[in-house]
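*Asks:* Taken from TrEMBL, the feature compositional bias 'Basic and acidic residues' applies to 42-57, 64-83, 246-259. The region 'Disordered' annotation in TrEMBL covers 41-89, 243-264. The annotation repeat 'TPR' is assigned in TrEMBL to 85-118, 338-371, 372-405, 447-480, 516-549. Residues or ranges marked as transmembrane segment by TrEMBL: 20-39.
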Amino acid sequence: MAASKPVEPQSGSGLPRWQLALLVGTPIVLGVGAVYLWNRSRGKEKQGKRNGERKTPEGSASPTDRHGVGDLARSRQGEDPLDRAQSAKNKGNKYFKAGKYEQAIQCYTDAISLCPKEQKGDLSTFYQNRAAAYEQLLKWTEVIQDCSQAVELNPCYVKALFRRAKALEKLGNKKECLEDVTAVCILEVFQNQQSMLLADKVLKQLGKEKAKEKYKNREPLMPSPQFIKSYFSSFTDDIISQPLQKGEKKDEDKDKEGEASEVTGSSGYLKAKQYMEEENYDKIISECTKEIESGGRYTTEALLLRATFYLLIGNATAAQPDLDRVINMDDASVKLRANALIKRGSMYMQQQQPQLSTQDFNIAAEIDPRNADVYHHRGQLKILLDQVEEAVGDFDECIKLRPDSALAQAQKCFALYRQAYTGNNPSQVQKAMDGFEDVIRRFQKCAEGYALYAQALTDQQQFGKADEMYDKCIELEPDNATTYVHKGLLQLQWKQDLEMGLELISKAIEIDNKCDFAYETMGTIEVQRGNLDKAIDMFNKAINLAKSEMEMAHLYSLCDAAYAQTEVAKKYGLKPPTL
């Protein structure tokens with residue numbers, strides 16, 4: 001599948017992204033949405049009380065108290081006011097546990113009115129208990145009001161903050177909900193799965209809403225030449241990405257091998273191909289349009305090339321009609337139709353439509369069963385869908401058709417490695433690592449092989465060797481910004497060398513100022529350092545470079561999580577630990 005980064009269940013650094021930032025990151029599988037960091041191993045040890053639903057009020061009801069609340073207040077007029085308030089609360093708790101929420105609310109109201117105002121801790125508990133009863137009656141506005149009173153009296157009151165967050169979510173107030181649940185996550189040291197899941201849910205919703213609006217109105221942006229070349233290098237049977245053929249050149253240039261050829265002025269498509277060789281990518285769409293509108297000889301090729309560049313600039317809406325036309329042309333070359341199906345299938349996957357994506361790849365395999373690209377890209381799709389065995393089968397088919405496909409060999413090893421690693425199978429892990437050694441021995445010029453091997457080595461905490469693999473990548477592709485980002489992350493994990501890590505990621509941005517992955521990673525590191533304003537700036541830069549609505553939604557989630565922390569710091573003085 002044509003993608004901007006190696007296709008894998010994790011981020012590509014050897015770390016799940018939720019470990020890259022103290023508070024923000026992404027789910028492991030597709031990188032969609034965002035969750036806060038929580039320590040999974042410690043979380044499992046502390047499940048139960050912390051992971052349980054917060055439904056009950058605080059304090060216990062007295063089993064021997066059978067008086068009505070009014071009688072209780074009259075018979076104990078000589079008692080301390082706080083004691084009387086506590087008795088009313090205990091009575092309320094008894095009603096609450098019996099499911100008599102209206103009576104419980106009346107008792108908690110009595111407790112609030114009886115409680116001395118200076119007893120802020122007790123008073124906050126009474127408000128929170130009444131909010132719990134209102135919650136059972138689905139009276140969300142009242143829940144918010146009482147929780148707000150409780151938080152005003154006790155700013156670090158986790159139960160009240162979380163209950164208010166849930167009520168705010170019910171009323172659609174996502175921004176305020178996110179701020180409350182962020183405070184809860186910090187106060188609970190990211191150990192309660194329930195609050196983490198609410199944060200994840202709200203961040204995803206906010207991200208999708210913002211991305212939908214932003215992506216619809218965004219200005220098209222051509223990726224860097226390095227990205228475009230990397231994209232086309234993932235195809236071996238892509239006619240439109242091949243250099244100009246002899247028959248496409250002017251007569252006087254046909255024998256000038258190795259030189260950029262001139263093309264006739266009559267064909268927009270041939271001009272577009274010439275611009276591709278010159279890396280003058282901004283003119284390709286307009287030249288293809290001329291060929292299509294004139295009904296030229298290369299109309300089909302022009303439609304496919306234009307669609308491809310529409311996809312590269314993130315305009316799937318414009319790309320789809322062109323791809324549809326090519327796919328439905330019965331007289332078009334099978335290679336062109338299969339290539340269009342691969343690209344439309346990849347587009348569907350970016351749009352989170354895996355069924356349509358799978359359907360397109362399957363049709364491509366039916367009409368062009370000896371096209372190695374079909375199996376290579378479908379294999380990557382299967383990895384994303386966590387169908388590893390099927391992915392390996394596709395990579396095997398690709399390798400059978402093209403034994404020299406180093407990329408397919410490397411990605412097959414990585415698929416087998418991820419399967420063994422997540423399945424906790426040490427012997428199969430070692431077998432996959434041996435496979436990587438074989439790949440880099442046989443294909444010494446394949447940078448992707450070294451990069452994927454480095455990720456596996458990082459998982460195995462073989463940091464020194466992983467560093468060597470990234471150095472090999474840089475030697476082969478010195479202008480590949482993504483490799484510098486991976487190497488920078490390795491320095492952080494391996495040596496805790498923040499300065500070197502930031503230097504390498506800054507180098508990535510210097511090489512390619514359109515590398516959204518570099519800005520995203522820099523943002524997560526700045527979150528760790530507590531530089532939230534700078535983190536937000538980095539995330540916003542990444543958002544403007546996002547190549548799909550799905551990717552943009554994920555970046556908005558990161559940005560919103562960082563912004564929520566700034567608001568929590570202002571309101572409550574709460575900050576997570578920093579590097």
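For all residues, glycine too, the Cβ spot is worked out from N, Cα and C.
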*Asks:* Taking all residues of the repeat 'TPR' (447-480) together, what is their mean pLDDT?
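*Replies:* Within the repeat 'TPR' (447-480), the model's average pLDDT equals 96.
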*Asks:* Per DSSP, what is the residue tally for the repeat 'TPR' (372-405) in helix, strand and coil?
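*Replies:* Result for the repeat 'TPR' (372-405), in helix, strand, coil order: 27 helix, 0 strand, 7 coil.
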*Asks:* Quick check on the repeat 'TPR' (447-480): DSSP residue counts for helix, strand, coil, in that order please.
*Replies:* 27 helix, 0 strand, 7 coil
